[in-house]
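Enquirer: Grabbed the feature section from Swiss-Prot, which reads as follows:
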- 1-55: region 'Disordered' (REGION)
- 9-35: compositional bias 'Gly residues' (COMPBIAS)
- 46-55: compositional bias 'Polar residues' (COMPBIAS)
- 61-127: coiled coil (COILED)
- 119-143: region 'Disordered' (REGION)
- GLY265, GLU266, LEU267, ALA268, ARG275, THR276: 3',5'-cyclic GMP 1 binding site (BINDING)
- 469-729: domain 'Protein kinase' (DOMAIN)
- LEU475, GLY476, VAL477, GLY478, GLY479, PHE480, GLY481, ARG482, VAL483, LYS499: ATP binding site (BINDING)
- ASP593: active site, proton acceptor (ACT_SITE)
- 730-780: domain 'AGC-kinase C-terminal' (DOMAIN)
- 757-780: region 'Disordered' (REGION)
Amino acid sequence: MSSGSRPSSGGGGGGGGASGGAGGGAPGGGGGGIRGFFSKLRKPSDQPNGNQVQVGTRTFEAHELQKLIPQLEEAISRKDAQLRQQQTIVEGHIKRISELEGEVTTLQRECDKLRSVLEQKAQSAASPGGQPPSPSPRTDQLGNDLQQKAVLPADGVQRAKKIAVSAEPTNFENKPATLQHYNKTVGAKQMIRDAVQKNDFLKQLAKEQIIELVNCMYEMRARAGQWVIQEGEPGDRLFVVAEGELQVSREGALLGKMRAGTVMGELAILYNCTRTASVQALTDVQLWVLDRSVFQMITQRLGMERHSQLMNFLTKVSIFQNLSEDRISKMADVMDQDYYDGGHYIIRQGEKGDAFFVINSGQVKVTQQIEGETEPREIRVLNQGDFFGERALLGEEVRTANIIAQAPGVEVLTLDRESFGKLIGDLESLKKDYGDKERLAQVVREPPSPVKIVDDFREEFAQVTLKNVKRLATLGVGGFGRVELVCVNGDKAKTFALKALKKKHIVDTRQQEHIFAERNIMMETSTDWIVKLYKTFRDQKFVYMLLEVCLGGELWTTLRDRGHFDDYTARFYVACVLEGLEYLHRKNIVYRDLKPENCLLANTGYLKLVDFGFAKKLASGRKTWTFCGTPEYVSPEIILNKGHDQAADYWALGIYICELMLGRPPFQASDPMKTYTLILKGVDALEIPNRRIGKTATALVKKLCRDNPGERLGSGSGGVNDIRKHRWFMGFDWEGLRSRTLKPPILPKVSNPADVTNFDNYPPDNDVPPDEFSGWDEGF
């Protein structure tokens, strides 16, 4: 083909440049590759010859360029082949990466299972309170400067099981609290106060509590070289360094030094724990010391006195006369404390009002502007315990008098109409049903200790003894003992879970009362949302509980293996828990240990609550004070020992929602004390990632995790129904859940009554605990 035969495609008007632009390769001169070459083609504006094409600074004849087309097409073909080859290689690498990621995930799950087993096994040698071994260099909260930030797995998933902790139950409610004060110089008191105010946890205490804490600390001195704290020993004292220098070490490795003004050991005043580091005096040192029992007495006494005082004030208000003690108690919880200087108008006549006030200390003057008089007339003076503004809670908003604070000032407790409405509902409609007061009083009159056999199915186990029970496999281990899969009288077609608790461990941790409470509460319950207790046994080494078995395994294990749950899955498991909590709360029982580890999956895929070691039955309107629970789940009022009730379970429910959707609890750090500090900062300080948990679920969490227990969703007049009505549950089939017709999101694979594949594998237990003969378990 001649050059003249292709004028339209190769020559005329620079068309060759346009055609060649589809190809590649540079014939020298222009450089920059095929596209670079053709991008430079242009018709010279000063050349009359239309068959010439300029490339950069060079000019070519069109027929010369046409000769290059076959070469360019061949080059393009070679490049295409190379690209296809490279693409095949890349696709192979991508496939291999995907396979390796799957293998890594599988290995990670196996590592998680082994880690869970090892950590639970290690609990046997852990602290009396059941705290896990220290995961990273820290000093058992021996000094704030040595505390570290949370260290989470890269994917944000918490892979280790969470360990519950507990102090010994206190009985300060039933006996007067006698506190001994120790003399100190003004400088010593100021030094202790300054140290307390610098401590993230202790500075959260009320002013009165800090004053009492300072007064009750006693002096201790140690010489250079003396051990103040030794790793592994039980701890029950807090220290403030007054003079000298100490060093902190773990397993012989130096962690740091502490000097005057440092607080150490604050975790030990909350609950039973062993020291995870040693502290040795480098010089002669002076310390101020506070015992755990004294700290608990200080915090509990103030909380009890304040709550009792408020209850006394509120029961005297005429419009509250017919409210139950439980509702008045909730009102006391949500009242705010305010202070007004002398001369300040707390209320002005004629203005709209929506708050009720109780005078906590000081005086107020009541004046009223009478028509025809130039000056307001003084009506009366109100003192401590008096109240005013109660009609505003009924909607009568216009104030009819002035209320003026008297010098030097007045402290008042306030309740606004909105909070009152949420707690009580419409007062007029409430007056139509005062039966709750009588019903609740009946609950209080019931003796708390006798066990009720509520179901006929327990009768068939009346003659069963420990000799009739055969162990088949291990379902779980911990510092308390083990849980075994068992059958009775050799019948493997019907299996059970046998929980064996070490009596010596129970006595060492002073948990006898909790163990009996667990037995009594579980014997009184009969619902599909709670694991059934059939029978209890005891011998010289253990107390035993024969329980309903749930072979679907722990919800925590499923969560660990999946990483996190979507909205639909989480909603189902939250709804199951809510049904169980409602049942318990109707019986005035607070659960206090909600977490995925204590939620078991039945063969049907439905969830049941287990482990009632921290559950407690309360009298109506009353609180309990023992520090117990799982660090990541405890509420602020438990940490600060303000007294707690069922509202603590609503806080835990919010944390539970977060963990199911995020794969880890929202409050989490490298040590419990740091975790408690995060909790006390509040849920509003959290940055909850929205890629896994949406705005609606986040809103529910924040309503459940209010700092004030009385403000939490579920604590109001609507109770649990207020939670069910939240937008996150919109469209949820509650009737289907209760009738068990709603399909569960996950159906466990269980092949037979002895199938334990949904549980981790545990090694045999060769540790034989010593005998325990104190007799505390008589009647168990």
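Numbering starts at 1 and runs along the chain as displayed.
Cβ coordinates are placed from backbone N, Cα and C, and glycine is handled just like the others.
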Enquirer: Below 8 angstroms Cβ to Cβ, which residues of this chain, lying six or more residues outside the region 'Disordered' (757-780), approach it?
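Expert: Contacts with the region 'Disordered' (757-780): 113, 116-117, 120-121, 124, 473-477, 482, 502-507, 512, 515-516, 519, 536, 538, 540-543, 551-554, 557, 601, 748-751.
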Enquirer: In the three-state scheme derived from DSSP, which category covers GLY265 (3',5'-cyclic GMP 1 binding site)?
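Expert: Its secondary structure by DSSP: coil.
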Enquirer: Looking only at the domain 'AGC-kinase C-terminal' (730-780), what are its DSSP counts of helix, strand and coil residues?
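Expert: Summed over the domain 'AGC-kinase C-terminal' (730-780), the classes give 6 helix, 0 strand, 45 coil.
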Enquirer: Given a 10 Å Cβ-Cβ cut-off, pick out the one of the binding-site residues ALA268, ARG275 that has the most other Cβ atoms nearby.
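Expert: Neighbour-count leader: ALA268.
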Enquirer: For the domain 'Protein kinase' (469-729), would you mind checking the mean pLDDT of the predicted model?
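Expert: Here the mean pLDDT over the domain 'Protein kinase' (469-729) amounts to 94.
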Enquirer: Quick check for the class: what is the C-alpha distance, in angstrom and rounded, between GLY265 (3',5'-cyclic GMP 1 binding site) and VAL477 (ATP binding site)?
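Expert: That comes out at 29 Å between the alpha carbons.
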Enquirer: Between LEU267 (3',5'-cyclic GMP 1 binding site) and LEU475 (ATP binding site), how far is it from one CA atom to the other, in Å?
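Expert: With distance taken Cα to Cα, LEU475 (ATP binding site) is 31 Å from LEU267 (3',5'-cyclic GMP 1 binding site).
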Enquirer: Need one number for the ATP-binding residues LEU475, GLY476, VAL477, GLY478, GLY479, PHE480, GLY481, ARG482, VAL483, LYS499: the maximum pairwise CA distance in Å, whole number please.
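Expert: The two farthest binding residues have Cα atoms 14 Å apart.
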Enquirer: Would you kindly give the Cα-Cα distance separating GLY481 (ATP binding site) and ARG275 (3',5'-cyclic GMP 1 binding site), rounded to the nearest Å?
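Expert: Between the Cα atoms of ARG275 (3',5'-cyclic GMP 1 binding site) and GLY481 (ATP binding site), the distance comes to 22 Å.
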Enquirer: When you measure from the Cβ of the residue listed as 'active site, proton acceptor', how many other Cβ atoms are you left with inside 10 Å?
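Expert: The residue listed as 'active site, proton acceptor' is surrounded by 24 other Cβ atoms within 10 Å.
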Enquirer: Can you tell which of the recorded positions GLU266, ALA268, THR276, ASP593 lies nearest to VAL477 (ATP binding site) in space, using Cα positions?
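Expert: If we rank GLU266, ALA268, THR276, ASP593 by Cα distance to VAL477 (ATP binding site), first place goes to ASP593.
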Enquirer: Which of GLY265, GLY479, GLY481 (the binding-site residues) has the most other Cβ atoms within 10 Å?
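Expert: Its Cβ has the most other Cβ atoms within 10 Å: GLY265.
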Enquirer: To the nearest Å, how far is the Cα of GLY481 (ATP binding site) from the Cα of ALA268 (3',5'-cyclic GMP 1 binding site)?
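Expert: So the alpha carbons of GLY481 (ATP binding site) and ALA268 (3',5'-cyclic GMP 1 binding site) sit roughly 23 Å from each other.
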Enquirer: Measure from the Cβ of LEU267 (3',5'-cyclic GMP 1 binding site) and count the other Cβ atoms within 10 Å, all protein chains considered.
Expert: 24
Enquirer: What is the interatomic distance between the Cα atoms of VAL483 (ATP binding site) and the residue listed as 'active site, proton acceptor', given in whole Å?
Expert: 18
Enquirer: Could you find out if DSSP has VAL483 (ATP binding site) as helix, strand or coil?
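Expert: VAL483 (ATP binding site) sits in a strand per DSSP.
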